[in-house]
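> Here you go, one structure.
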């Protein structure tokens, strides 16, 4: 029983010894290996510093582009455009393009500080695509923008819409020509009426000016055809 008690008591003493070692600070000249309560290893310290640096870089990285839209959509091409915040200083942009439900990714990098659009080519007709845009600065890349989903039209649909546009343009041209012809006809008729009215007024003025002369001539002729005068100045008397 004593042996059992003694054996059971030894581990307790050893445990208390370890606790005392943890409480004591190592001596100046001690060459003992670090105990259970030693300082963290260098790997953990490096990991912590790396996390801090990564957080600082993320804080200085630009914001994600905004107002990402797809325009000039065709069967085999499209144009993606975006905007950035006014205070952001960027040196380029990265565009990620992929098909919907497909992991294949196309990466396009634009090293231009003024561009706000990028052309997408070699697209497949009647296919859905997803586009992301990232801003690039000296500190790194920004988070990806909101995904934009678009679908390319079919070539037949594009041709049909193009034909409709052409027909509409032709109809507009014809209507414009008809309107121009109608306006010309109206102008010509108005000029003709103006000429007729001017000619009538002129003839009326001429006729009105000639009326007094005609009246004088009629009066003179009437006086001449009245009773003739005698040569001596008296009137001739009829003989009974």
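Quick reminder: no glycine exception, Cβ is built from N, Cα and C everywhere.
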> In Swiss-Prot, which of 160-180, 181-201 is tagged transmembrane segment?
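Going through 160-180, 181-201 one by one, Swiss-Prot gives transmembrane segment for 181-201.
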> Among 117-147, 210-240, where does Swiss-Prot put the label region 'Disordered'?
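Checked against Swiss-Prot: region 'Disordered' maps to 210-240.
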> Match it up for me: which of 1-30, 31-60 does Swiss-Prot list as region 'Disordered'?
1-30
> 10 Å Cβ neighbour count around residue 112 (N-linked glycosylation site)?
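Total other Cβ atoms inside 10 Å, all chains included: 12.
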> At the level of the C-alpha atoms, what whole-angstrom distance separates residue 112 (N-linked glycosylation site) and residue 67 (N-linked glycosylation site)?
18
> Return one of helix, strand or coil for residue 112 (N-linked glycosylation site), based on DSSP.
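Reduced to three states, the DSSP call for residue 112 (N-linked glycosylation site) is coil.
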> If you run the three-state DSSP split on residue 67 (N-linked glycosylation site), which class comes out?
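Note: residue 67 (N-linked glycosylation site) is in a strand by DSSP.
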